[in-house]
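According to Swiss-Prot, the protein carries these features:
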- 1-20: signal peptide (SIGNAL)
- Cys75-Cys90: disulfide bond (DISULFID)
- Cys82-Cys95: disulfide bond (DISULFID)
- Cys89-Cys109: disulfide bond (DISULFID)
Amino acid sequence: MKTIIVFLSLLVLATKFGDAKEGVNQEQKKEVTQNEFRVEYLNEMAAMSLLQQLEAXESALFEKEAGRNSRQXRCAMGDVPCTKGKTNCCKGYECKPKSPSWWYDTDFCQPIHGGRPIGI
């Protein structure tokens, strides 16, 4: 019976002092995790800033490349029907009547300066 009382008293003391240490440990854990989150947050913010800079540089390069490689798409060359209101003729061509003939109902893309257009 005496041994049981000794073990129970040791158990009570261990739990009492164990809880005290556990509280201190939890406070230390909170501080450590807060510091880790701060560091992780700062690292993440730096990474996001770097990512935004890279995306901005990449978009600028793509715009420059697209501007360099751009060309007129689907333009009409010589003797292709066109409409006066829409400019679907290529560079160096203009939409005008083919000849003073009455049977041509539409206009055609024709070179601006007679023969071969300038710039093509």
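Any Cβ shown, glycine's included, is placed from N, Cα and C.
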Could you tell me which three-state DSSP class Cys89 (disulfide bond) falls into?
strand
Sort the disulfide-bonded residues Cys82, Cys89, Cys95, Cys109 by C-alpha distance from Cys75 (disulfide bond) and give me just the closest.
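Minimum Cα distance from Cys75 (disulfide bond) across Cys82, Cys89, Cys95, Cys109 lands on Cys89.
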What does the structure give for the C-alpha distance between Cys89 (disulfide bond) and Cys82 (disulfide bond)? Integer Å is fine.
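That comes out at 7 Å between the alpha carbons.
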Non-local Cβ contacts of Cys109 (disulfide bond) (under 8 Å, 6 or more apart, same chain)?
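The list for Cys109 (disulfide bond) reads Ala76, Met77, Gly78, Asp79, Val80, Cys82, Asn88, Cys89, Cys90, Tyr93, Glu94, Cys95, given in order along the sequence.
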Select one residue from Cys75, Cys82, Cys89, Cys90, Cys95: among these disulfide-bonded residues, choose the one with the most other Cβ atoms within 10 Å of its Cβ.
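Buried the deepest by this measure is Cys89.
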Using DSSP and collapsing to three states, where does Cys75 (disulfide bond) fall: helix, strand or coil?
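Reduced to three states, the DSSP call for Cys75 (disulfide bond) is coil.
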